[in-house]
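Copied over from TrEMBL, here are the features:
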type	residues	note
ACT_SITE	A:His389	active site, GMP-histidine intermediate
BINDING	A:Asp144, A:His223	Mn(2+) 1 binding site
BINDING	A:222-226, A:333-334, A:365-368, A:389-392	GMP binding site
BINDING	A:His250, A:His333	Mn(2+) 2 binding site
Amino acid sequence: MNGKHITKLGFEKKAVGLALAAATLREKAGLERDEILAELRQVQANPAGYTGGVYEALAAELSAQRAELDLKASAALRPAPLPYGVWGADLIEPGARSQMDVAMRLPVTRAGALMPDAHVGYGLPIGGVLATENAVIPYGVGVDIGCSMMLSALPVPVGQLGVEEARALLLRHTRFGAGVGFEGRDREDHPVLHESVWGEQPLLRHLHDKAVAQVGTSGSGNHFVEFGTLRLAEADLGLEAGEYLAVLSHSGSRGFGAQVANHFTTLAQRLHPTIDPAAKKLAWLPLDGEDGQAYWQAMNLAGRYALANHDLIHARLARALGVRELTRVSNSHNLVWKQQVGSQELIVHRKGATPAQAGQLGLIPGSMADPGFVVRGLGQPAALHSASHGAGRQLGRKAAASTLAKKEVQAYLKQRGVTLLGGGIDEAPQAYKRIEDVLARQGDLVAVIGQFTPWVVRMDTGSEDV
DNA sequence: ATGTCC
């Protein structure tokens with residue numbers, strides 16, 4: 001008996017040595033070579049059946065090798081992407097298409113769509129919609145879990161609130177920037193902070209303090225709070241046709257959501273060590289597994305937390321104005337939903353995409369100096385009942401900073417009569433696609449019912465104020 | 001997007 005006999009049976013790597021060692025013991029026990037080879041074949045056929053005795057170590061190694069192969073096979077990408085709908089292909093850079101192509105090759109993917117504001121992101125492109133079977137992809141949602149929009153209309157005649165007063169209200173009642181929270185007496189409470197879910201995971205228990213400190217705030221980057229004029233051409237939202245003073249906000253789940261995202265992305269990547277490098281950032285968690293369930297719970301909490309941030313922002317501003325909001329519209333655009341697709345319940349990831357079921361209200365902002373739109377979904381199945389979440393970048397942050405001059409941005413703001421507080425050059429209106437173009441590409445996804453024109457905007461103080 | 005570590 002030698003190594004040749006063993007490798008001929010198909011043993012590989014560490015299993016060769018272990019099989020040889022076991023075979024030597026059996027030879028000493030007086031068995032013939034053919035008898036031993038027969039035993040080895042049986043171990044090979046059913047390693048799980050050898051939990052003791054001479055073959056135990058070999059069987060354990062075989063089981064481990066098999067598990068690794070299964071994992072590799074389950075993580076293997078399809079040779080070609082599944083087909084998916086693209087809205088506004090002429091507005092979408094090739095890099096975003098490539099990222100979507102990779103997502104459509106995941107073994108867990110069943111359907112997808114790309115919205116006209118799409119651009120390159122981490123993992124799934126921004127503007128990507130991905131439906132999987134029994135799998136959640138943390139980077140299919142992104143770092144800002146639950147990132148969302150809220151609009152409120154106020155019973156204040158347009159023109160009554162002056163620019164200076166609006167500026168003062170935003171400076172007093174909103175907070176922006178990484179790590180930022182309300183301090184002292186300015187800090188408010190919210191029911192979401194008292195949900196029992198916070199106690200159900202060590203991670204959530206750990207992040208509760210941060211969530212308490214940051215509730216009611218806005219983040220950085222493209223987050224904003226602005227006063228503007230809402231125009232309704234026809235009666236809707238429980239309001240008569242006409243013009244209303246309105247507040248529009250874009251915020252997310254702040255440091256809490258970011259840490260949830262990073263934690264579960266790490267777990268997902270650890271679960272798929274052999275995944276194709278092109279899809280590494282799309283590593284998933286089985287939804288019926290412990291980690292997948294934990295992500296689901298934490299993600300939905302982050303979604304409610306993000307809406308709580310908006311809730312407090314709008315409530316504060318209305319209170320400061322001494323009024324009660326007439327109506328509110330809100331939607332999350334970074335989240336996962338269970339959704340019926342054909343005959344199947346799929347796990348629909350929207351990463352920068354507005355849910356747009358038939359009749360569903362949504363908000364699609366333009367840029368700091370362009371109008372945003374209140375829309376009603378048309379329920380397009382091929383788009384998985386989705387629409388764009390904004391205009392979408394046409395220049396990356398670095399490209400915007402190196403291409404655009406402050407003067408150009410200031411001229412754009414002046415022309416549109418917009419007063420800006422904070423805001424970096426990388427958020428310049430010129431860094432975004434034309435919202436009119438983006439809307440024109442999704443006429444079969446949403447119908448516009450209202451237009452919001454901003455006139456005082458607050459954003460984070462970027463690296464370079466405009 | 002976030003105060004670079006869950």
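The chain as shown is numbered from 1 upward.
Glycine too: its Cβ is placed from the backbone N, Cα and C atoms.
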Self-check item: Listed binding-site residues (A:Asp144, A:Glu226), ranked by Cβ neighbours within 10 Å, top entry
Solution: A:Glu226
Quiz prompt | Inter-residue C-alpha distance, A:His223 (Mn(2+) 1 binding site) and A:Gly366 (GMP binding site) (nearest angstrom) | solution = 12
Exercise. Identify, in sequence order, the residues in the chain of A:His333 (Mn(2+) 2 binding site) that are 6 or more apart from it along the sequence and have a CB within less than 8 Å of its CB; answer 'none' if there are none.
Key: A:Cys147, A:Ser148, A:Met149, A:Arg350, A:Gly352, A:Ala353, A:Thr354, A:Pro355, A:His389
Quiz item: What's the CA-CA gap between A:Gly390 (GMP binding site) and A:His250 (Mn(2+) 2 binding site) in angstrom, rounded?
Solution: 11
Exercise. Between the Cα atoms of A:Asn334 (GMP binding site) and A:Asp144 (Mn(2+) 1 binding site), find the distance and write it as a whole number of Å.
Key: 7
Quiz item: From the Cα of A:Phe224 (GMP binding site) across to the Cα of A:Asp144 (Mn(2+) 1 binding site), what is the distance in angstrom?
Solution: 14
Exercise. Quick one: give me the count of other CB atoms within 10 A of the CB of A:Gly392 (GMP binding site).
Key: 25
Exercise. Would you count the other CB atoms within 10 A of the CB of A:Gly366 (GMP binding site), including those on all shown protein chains?
Key: 23
Quiz item: When the number of other CB atoms within 10 A of each residue's CB is tallied over all shown chains, which of the binding-site residues A:Asn222, A:Asn334 has the maximum?
Solution: A:Asn334
Quiz item: Long-range same-chain neighbours of A:Met368 (GMP binding site), Cβ under 8 Å, sequence gap at least 6?
Solution: A:Phe224, A:Glu226, A:Leu413, A:Val418, A:Leu420, A:Gly423, A:Glu427, A:Ala428, A:Pro429, A:Pro454, A:Val457, A:Met459
Quiz item: Which ones in the same chain are close to A:His250 (Mn(2+) 2 binding site), with CB under 8 Å and 6+ residues apart in sequence?
Solution: A:Cys147, A:Ser148, A:Met149, A:Ser218, A:Asn222, A:His223, A:Phe224, A:Val225, A:Pro365
Quiz item: How many neighbouring Cβ atoms, not counting its own, are there within 10 Å of the Cβ of A:His223 (Mn(2+) 1 binding site)?
Solution: 23
Practice problem: Note down the number of other Cβ atoms within 10 Å of the Cβ of A:Phe224 (GMP binding site), including every protein chain shown. | Solution: 27
Quiz item: What three-state secondary structure does DSSP assign to A:His333 (Mn(2+) 2 binding site)?
Solution: coil
